[in-house]
Amino acid sequence: MRLGSIFSAVPATLADQPVTGFAIDHRKVAPGTVFGAFRGARFNGEDFIADAVEAGAIAVVASDQADVPSSVAHIVDDEPRRAFAQGAARYFRPVPSTVAAVTGTNGKTSTAEMTRQLWHMAGFGAASIGTLGVTTSFDQNRTGLTTPDIVTFLNNMSGMARQGISHVIFEASSHGLSQFRTEGLPVKIAAFTNFSRDHLDYHGTMEAYFAAKMRLFDEVVDSDGTAVIWADDPKSLEVQERCETRGLKTLSVGEAGDDIVLVSRTPTPLGQVLMVEHQGKTYRISLPLIGAYQAANALTSAGIAIAAGDEADQVFDHVARLQPVRGRLERAVIASNGAPVYVDYAHTPDALASAISALRPHVTGKLICVFGAGGDRDSGKRPEMGKIAQAHADHVIVTDDNPRGEDPSAIRAEILAAAPDAEDIGDRRSAIAHALSMAGSEDIVLLAGKGHEQGQIIGRGEDQRVLPFDDVEVARQVAGEAVA
Ligand SMILES: CC(=O)N[C@H]1[C@@H](OP(=O)(O)OP(=O)(O)OC[C@H]2O[C@@H](n3ccc(=O)[nH]c3=O)[C@H](O)[C@@H]2O)O[C@H](CO)[C@@H](O)[C@@H]1O[C@H](C)C(=O)N[C@@H](C)C(=O)N[C@H](CCC(=O)O)C(=O)O
Ligand SMILES: Nc1ncnc2c1ncn2[C@@H]1O[C@H](COP(=O)(O)OP(=O)(O)OP(=O)(O)O)[C@@H](O)[C@H]1O
Ligand SMILES: N[C@H](CCC[C@H](N)C(=O)O)C(=O)O
Ligand SMILES: [Mg+2]
């Protein structure tokens, strides 16, 4: 592809240059690359323009003020990240024919994974992109971010389309939306799960955080697309009105939903029975997953599949066959004394409340909750999480999550300030061992905050280390040691 066919504002002398790729990191530039130079949180990408040109960049997308040598094209834009994304989207072709996105504070990964499963069961080549990585029916590749950078994102999209994958759903994180990491390709469906506190270290205020999420509905989804909205959240009506103002079709789901109405939900020992109404028909679905939050995510996924054109009877049939999502209320082991141990990725106040209430109907004894909070992330959520755990669990053990660059005991102290009855055990393995040792046969242990994560992140910058750590594996080891 020629540079002039990707960017119209290229001087005629450079328009015929063949483009070989796109990069936002100068270390990934090769001859023929278009380099995006962005001002970021840690670096100013404009400082690397000379190096990028030296490495063979033929065009630089950057602000007007950037210093770009005249030998290469300078694509000027007030929002260079967006201009770069639009250009890259012309280059990375083809793309899957059905692309959906999901945003919300909690439930993105679960909804994306369940939608992928529903599409797979319907016989489509399906994939998801999100916190768990790029997942297809055959494999999973971690990207390190929930919403990967724009080059990784588009490159994966076109790679998958070439492999015959027609249906892809991606998680649109608020960081990703505000950094234009997922632009340029037609998004047919945008879903909203819920909104509560998270990421205030980055967005500053709840208003700014909400506005970042709303870009998905205001700008990213196609104007003739559909918004699938979980209707039982305090923000749902606002999202619905916003979508209607833009002229999007909407499909709302939940007890207060208009299109997929959750009439009742009855927990069973290993799952729950959902009574659902859709277009005048009533469906009885035995969902093999526990917890109100998993029912919400499963029905939102059903809404996405129906919005994408799948037949409702078949979709609800398939909901009854959904497999658990890694690290989301995953039953890791039954401790030697008979107590089930669940691992869950609850790392926000609202998620912790949801995880505890999901397990509550299944506990006859004590609900023992082990959790912490990540360092170098929104610190205001720590006392809120402490308060929720103290109020809703029967015994709380505060431990380390990913301390990153912070003093782990100071993070725990911020949680403990709001959970004065909790025990304080910094070392996560010891905390898990202690929880399992104190649990009786009627009890349930919840290990919250790290879900599928495979490591514990300690330190910052050059000194950062990731020590192998997997809550599920540690729980199994500890349970095994107790038996031995
Ligand atoms: C705060 C944040 O979101 N940062 C992400 C963002 O960085 P940034 O644009 O601020 O980049 P920067 O590091 O300051 O550098 C500026 C520019 O210079 C370039 N550069 C930099 C150094 C160099 O030597 N050469 C070079 O060219 C960089 O590629 C970049 O384009 O873009 C980078 C490239 O894609 C990401 O690696 C980086 O993720 C950091 C590591 C991160 O931890 N992000 C987390 C907070 C995040 O994004 N989380 C969300 C939400 C999670 C969820 O709720 O599920 C996610 O989507 O994962
Ligand atoms: N619909 C929901 N309502 C409330 N809480 C939820 C919901 N879905 C998930 N959760 C909670 O949030 C945790 C994370 O779920 P999930 O990974 O699906 O969310 P996410 O939005 O992808 O999170 P992240 O922002 O880290 O990517 C779950 O383990 C659970 O505790
Ligand atoms: N165990 C985690 C969860 C992080 C979730 C992630 N989405 C983020 O906040 O970036 C932590 O706080 O380190
Ligand atoms: Mg996620």
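Every residue, even glycine, has its Cβ placed from backbone N, Cα and C.
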Additional site residue, ARG377, ARG429, ARG476 [criterion: listed by TrEMBL with ASP401, ASN402, PRO403, ARG404, GLY449, GLU453 for meso-2,6-diaminopimelate]: ARG377
Annotated recorded positions GLY107, LYS108, LYS213, ARG377, ASP401, filtered by Cβ under 6 Å to ligand 3: ARG377, ASP401
Candidates ARG377, ASN402, GLY449 (binding-site residues) - the one closest to LYS108 (ATP binding site) by CA: GLY449
Close-lying binding-site residues around ligand 4 among ASN106, ARG377, ASN402, PRO403, ARG404, where CB distance stays under 6 Å: none
DSSP state at LYS108 (ATP binding site), helix/strand/coil: helix
ARG404 (meso-2,6-diaminopimelate binding site) in three-state DSSP notation: strand
For LYS213 (N6-carboxylysine): DSSP state (helix, strand, coil): helix
